[in-house]
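Asker: Okay, here's the structure, questions in a sec.
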Amino acid sequence: MNNDTKYNDLQIFSTIYGNLSSMGCAASQETDPLSTASRIIDKKLQQERKELEKETAVKLLLLGTGESGKSTLLKQMKIIHGLGFTNDEMIMYRSAIWLNLLTCYQNLTIAMDNLKIPYGFVPPDPKDLEAMELPEEPDINPPSSQQDDSNGPRDSSLDRPPIIKHDKLARYAALQYENLGGKAQVGEVPDAARMMKTSDLLVSSMFSFSNGEPFPADRVAGLDAIWNDSGIQYCFQRAAEFQLIESCAFLMQHRHRICGLGYKPTEEDILSARIMTTSVSETRFRIKDVIYRVFDVGGQKSQRKKWAPLFEDVDAIIFVVAISSYNQVCFEAKDTNRSKFLILYV
Ligand SMILES: Nc1nc2c(ncn2[C@@H]2O[C@H](COP(=O)(O)OP(=O)(O)OP(=O)(O)O)[C@@H](O)[C@H]2O)c(=O)[nH]1
Ligand SMILES: [Mg+2]
């Protein structure tokens, strides 16, 4: 038996097709092909069931909040236990990586305005900053607007976003931004930023990449201009204040390779790719005599109702937590701390 014992529709179809051909079954013959196919499927399922009964099968659930790393853990299991990635998966991850990269730039440039950081912003010397007199900033926390759909005990302090007050450096940056008329500086970087903000370009880029065209040179130059900007770098340091994927820095560092002609994702690239899970998947591994049935689920609030049926006959649960989420807010509820789920329920 293969390591991955799960039969997909294509495998079942080709098995049936192969068996029908070898048995000489054709539409013109007396045997009804549909009932033959049904018998073959039943036999196959019976065989599978028998094999599973003979061996120890462990049902393992991967649970945790959105972007905590469940699917990344599953990818690591696939790499470690030699299942690897199919060609279709490689193509899917390549597109995801391109999209992740462009989305990082887009989110960073949008955050520049939201956090009031001018392009080219250089943090002053800490001593100089200490000596400055800056106006106090009102509490920037929005009121808790979203009702939690969970039934757990409420702790109102956890409803607050993690940032209570901007530090002096953030207020200094905002002052600089206001001094520029509430707009980013003129020049090459904002132009590049404007270009990257246009979602039409983002989408059109995706199509041309899928067709095998190289990443346009002006787009790569735009990416360089943005990532090398000191204001963007300061914005990146404040990534907990907006939504930015965890692997942003890795993707940025490797942007020229990723945007290069004939790009093929490495295992490390695939581990860095972020695709939100919206359906339950089962992957089977054999480690020595034990078969592991690993179930990966979506961790966003909207996905959690799909968890309940999976608890039947479960042997083990791995609850995945991202250490970096301690000061981040949920993707789906911008005023809820990402660790809140963990604090209340684990
Ligand atoms: N820097 C860093 N990034 C990590 C690590 N583990 C995971 N990531 C990244 O964190 C993100 C985790 O995303 P997923 O694995 O898709 O998270 P998930 O829990 O499956 O999320 P949902 O499918 O939305 O429930 C990916 O972008 C990973 O590349 C790590 O150890 N270090
Ligand atoms: Mg996932």
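Here the Cβ of each residue, glycine as well, is placed from N, Cα and C on the backbone.
From TrEMBL, here are the annotated features:
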type	residues	note
BINDING	67-72, 271-277, 296-300	GTP binding site
BINDING	SER71, THR277	Mg(2+) binding site
REGION	127-161	region 'Disordered'
COMPBIAS	142-154	compositional bias 'Polar residues'
Asker: Scan GLU67, LYS70, SER71, LEU271, THR277 for binding-site residues whose C-beta lands under 6 Å from an atom of ligand 2 and note them, or write none.
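Answerer: Cβ < 6 Å from ligand 2, in sequence order: LYS70, SER71, THR277.
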Asker: Measuring CB to CB from GLY298 (GTP binding site), give everything in the same chain under 8 Å that is also at least six residues away in sequence.
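Answerer: The answer is GLY66, MET276, THR277, THR278, SER279, VAL280, ARG304, LYS306.
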Asker: Could you state the whole-number distance in Å separating the C-alpha atoms of LEU271 (GTP binding site) and SER71 (Mg(2+) binding site)?
Answerer: 9
Asker: My understanding is the cutoff is Cβ-Cβ under 8 Å with a sequence separation of 6 or more in the same chain; which residues meet that for LYS70 (GTP binding site)?
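Answerer: Long-range Cβ contacts: LEU62, LEU63, GLY64, THR277, ASP296, VAL297, GLY299, VAL320.
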Asker: According to DSSP, which of helix, strand or coil covers THR277 (GTP binding site)?
Answerer: coil
Asker: For SER71 (Mg(2+) binding site), what is the secondary structure state per DSSP, taken as helix, strand or coil?
Answerer: helix
Asker: Cβ distance under 8 Å to SER71 (Mg(2+) binding site), same chain, sequence separation 6 or more: which residues?
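Answerer: Same-chain residues close to SER71 (Mg(2+) binding site) (Cβ under 8 Å, separated by 6 or more) are ILE275, THR277, ASP296.
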Asker: So if I measure Cβ to Cβ from GLU67 (GTP binding site) and keep only same-chain residues at least 6 apart in sequence, which ones fall under 8 Å?
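Answerer: Counting only residues 6 or more apart in sequence, the Cβ neighbours of GLU67 (GTP binding site) under 8 Å are ILE245, GLU246, ARG274, MET276, GLY299, ALA322, SER325, PHE331, ARG338.
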Asker: Is LEU271 (GTP binding site) helix, strand or coil when read with DSSP?
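Answerer: Going by the DSSP assignment, LEU271 (GTP binding site) falls within a helical segment, counted as helix.
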Asker: How many other Cβ atoms are found within 10 Å of the Cβ atom of THR277 (GTP binding site), counting all protein chains shown?
Answerer: 19
